[in-house]
């Protein structure tokens with residue numbers, strides 16, 4: 001037997017190298033085979049419910065790192081709730097209707113307008129479901145636990161029926177109406193858009209300054225006067241029916257030198273406009289208040305059949321332009337509102353594809369709206385005073401990335417204005433984890449217009465509306481519920497397969513259809529109405545979930561999207577918000593803080609991370625960032641996270657190895673019998689348990705990450721485990737001191753594994769497989785550790801906090817000695833301490849082998865004053881010299897008792913007593929040489 005064999009060197013087959021890319025799929029198959037998700041739900045039956053309702057990602061393409069961050073975050077929350085006494089099922093979902101899928105089919109050569117609509121919709125459905133299958137595997141590979149075999153998908157008959165019922169309740173309450181208000185119109189999609197489908201980009205436009213000649217000045221202006229107008233959308237002049245001024249804005253009548261014409265502009269803008277128009281020696285003839293100009297009539301710049309009326313509007317400012325705006329009620333919301341109030345014609349001169357129509361005039365007909373500027377300039381002639389290119393923020397279609405226009409077309413609307421205050425009242429009851437989120441959602445609802453819910457597309461849920469022979473729209477409870485039942489049985493494609501009369505209840509009549517003939521609506525619903533109905537299609541309809549949901553968690557862009565549409569439909573139906581809490585996340589940016597895009601080549605695919613690092617590293621990264629704001633990710637950042645993971649793993653490996661001979665049922669030492677340092681570590685770890693449990697409850701992942709890493713690096717590695725080898729390796733295998741420390745090791749190991757499970761489930765299960773005395777098959781079926789309280793807890797913490805200060809001072813003294821070449825390693829040191837009474841009392845209270853805690857071979861507590869050469873602090877001073885004696889071959893301490901023993905071992909007296917007591921046979925035979 002060799003001397004080293006008398007050491008209790010930790011033994012374990014738990015590998016240092018994780019091998020996550022290959023091991024994770026193996027664990028996941030095992031979980032699936034063992035039906036872990038179902039078993040966890042069965043365990044928690046009857047416990048308080050917690051419903052995190054999954055916002056549905058769009059079923060198109062591979063998942064990106066933003067998807068991964070979102071689903072991992074949800075998984076951490078659901079797992080932690082399941083391990084904290086809650087029944088927390090997770091039903092993943094997908095959003096499957098809408099334009100992107102139509103665009104994919106178009107790129108594949110499918111021509112929608114040349115094939116049977118039902119066949120086309122079948123292709124859309126097949127493609128959407130193929131994407132659901134693909135993304136489902138992507139999410140499962142991240143280790144996300146949920147009811148993957150029974151997700152919700154917005155194209156299923158049961159979901160579509162639930163959506164129709166949401167619409168029906170809104171219709172019954174009078175919230176649905178048809179109007180021709182201007183809406184966001186995407187010529188590139190040939191459809192109306194909702195606010196949530198708009199994004200803003202900078203756009204360079206041609207702006208024109210031109211003049212309208214006064215036709216009837218109403219006794220205020222002469223007919224040789226011109227009112228100066230500014231526009232950034234020249235094509236809309238073809239539909240201009242008025243000029244709007246601000247009632248309280250001052251306007252001036254001016255005549256520039258050498259100009260026969262007189263002009264009206266805002267007084268505040270005269271100087272800048274004179275410079276722009278090249279006017280010199282401008283004479284101000286008169287000043288008017290805007291309201292004095294009301295109802296003056298002007299000529300249209302070129303259309304002699306049109307008169308333009310001067311009207312008043314609150315939206316007019318003097319921030320730019322001329323203080324006077326031309327008004328085309330068919331092409332703008334403000335224009336529409338003031339136009340309707342003044343009985344102006346709502347003219348629309350652009351068709352659904354962005355092409356100028358016949359009513360725009362023969363010179364414009366057939367041109368694309370953006371290309372008409374030269375024609376407009378030609379038609380204006382000498383009425384054009386100036387033109388310039390301006391860059392401004394402009395709305396774009398978020399899918400096609402093309403600019404949109406405002407365009408008045410008949411659409412179906414949800415009248416948010418009718419129940420706006422109810423919605424705002426409900427927002428006040430929701431808990432927002434970001435206060436700015438509440439303000440943002442509140443302001444959006446407060447300021448938003450009515451919701452355009454109709455779309456002129458094919459792939460979506462039909463609006464369940466019929467038309468009588470006289471054109472009356474029919475949407476009554478009887479017909480809508482009948483449609484819902486048809487959809488529930490056959491799916492929404494039946495709407496296109498049957499005639500209108502075959503979609504109505506048997507025997508249905510309507511006074512507007514004396515001949516019994518009906519037509520059906522051909523528009524579909526906005527996809528935000530699809531996902532915005534999920535509270536009914538899923539949360540209400542799935543018995544395992546509770547409504548309202550406890551939590552909605554999505555990206556911050558969903559304040560105008562899913563958070564918004566879900567809130568509107570839920571309040572409209574039931575008067576309550578669909579969620580009790582909202583947690584929002586920022587966007588994932590690259591390592592430089594730039595937005596990720598394929599064109600820049602700076603995207604990171606979750607699959608690439610899984611291949612290089614493993615999903616665990618991506619999961620750990622999610623906890624390492626403040627996801628309430630935008631976050632950065634790169635392979636370099638993930639490499640740093642991987643290093644942190646390695647530190648966590650190897651620390652826990654040390655605990656596994658050094659409890660391999662520990663049976664908790666037989667070897668555990670009661671808390672009251674632990675040494676002071678072991679009690680301190682038990683209490684410190686219990687503080688970590690509380691911090692992490694509280695952070696899980698508040699969804700504060702970064703708090704968990706910081707607390708965990710700090711505990712492992714500072715409390716364990718830099719302190720407790722730093723001197724642990726002197727105990728667990730050297731003391732007798734069954735000695736009290738070793739069992740005391742193993743008791744703490746095992747307690748930390750088991751509980752920290754449970755605490756890690758929501759974040760690192762693969763690693764936690766791997767560790768659990770080495771803990772033979774734990775009863776649960778899988779750690780995921782266990783509970784998070786409870787927070788404990790201990791006698792004299794605060795007193796012990798105070799004592800050891802003071803000792804840590806003392807230890808830091810001692811380490812400075814040892815470092816100085818090392819720099820002066822007095823010692824090499826700290827075990828070569830004889831440390832002399834010159835304490836005052838406070839420190840002396842402290843060291844007595846610590847009641848431990850202080851030399852062992854400081855990892856020095858010899859320690860002396862001196863009486864009297866410290867020598868001048870000592871390193872002094874306020875309460876204590878130190879001197880360091882080389883310890884006397886020889887190095888013990890077993891414990892590596894320098895000890896004056898070290899000597900060669902009769903059994904061929906050069907060891908100290910302490911080690912000799914251990915060896916002689918525990919290895920009598922080897923002592924009798926003598927040890928082999930090294």
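Every residue, even glycine, has its Cβ placed from backbone N, Cα and C.
Annotated L-isoleucyl-5'-AMP binding site per Swiss-Prot: 554, in sequence order, evidence recorded as sequence analysis. Using a 10 Å Cβ-Cβ cutoff, residue 554 (L-isoleucyl-5'-AMP binding site) registers 22 neighbours.
Summarising the annotation, Swiss-Prot assigns ATP binding site to 598 and lists sequence analysis as the type of evidence. Within 10 Å of the C-beta atom of residue 598 (ATP binding site) sit 8 other C-beta atoms, taking all shown protein chains into account. Classification of residue 598 (ATP binding site) by DSSP places it in coil, neither helical nor stranded.
In three-state terms derived from DSSP, residue 908 (Zn(2+) binding site) belongs to neither a helical nor a strand segment and is classed as coil. Every protein chain shown contributes to the tally, and the Cβ of residue 908 (Zn(2+) binding site) ends up with 24 other Cβ atoms within 10 Å. Taken from Swiss-Prot, the feature Zn(2+) binding site covers 888, 891, 908, 911.
Taken from Swiss-Prot, the feature motif ''HIGH' region' applies to 57-67. Tertiary neighbourhood of the motif ''HIGH' region' (57-67): same-chain residues 94-96, 98, 100-101, 104, 128-129, 131-132, 134-135, 138-139, 153, 555, 587-588, 596, 603-607, 609, 618, 633, selected by CB-CB distance under 8 Å and a gap of 6+ residues from either end.
If you look up Swiss-Prot, you'll see 595-599 marked as motif ''KMSKS' region'. Remote same-chain partners of the motif ''KMSKS' region' (595-599), defined as residues 6 or more beyond its termini with a Cβ less than 8 Å from a stretch Cβ, comprise 64-65, 587-589.
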Binding-site residues near residue 554 (L-isoleucyl-5'-AMP binding site) (Cα-Cα within 10 Å), from 598, 888, 891, 908, 911: none
Same chain, 6+ residues apart, C-beta under 8 Å of the C-beta of residue 911 (Zn(2+) binding site), given in sequence order: 730, 888, 890, 891
Other C-beta atoms that fall within 10 angstroms of the C-beta of residue 891 (Zn(2+) binding site): 22
Distance, residue 908 (Zn(2+) binding site) to residue 598 (ATP binding site) (CA atoms, angstrom): 67
DSSP residue counts for the motif ''HIGH' region' (57-67), split into helix, strand and coil: 3 helix, 1 strand, 7 coil
Model confidence over the motif ''KMSKS' region' (595-599) (mean pLDDT, whole number): 80
Beyond the site residues 888, 891, 908, 911: chain residues whose C-beta lies within 8 Å of the centroid, for Zn(2+): 730, 889, 890, 892, 893, 895, 898, 907, 909, 910, 912
Collapsed DSSP category at residue 554 (L-isoleucyl-5'-AMP binding site): strand
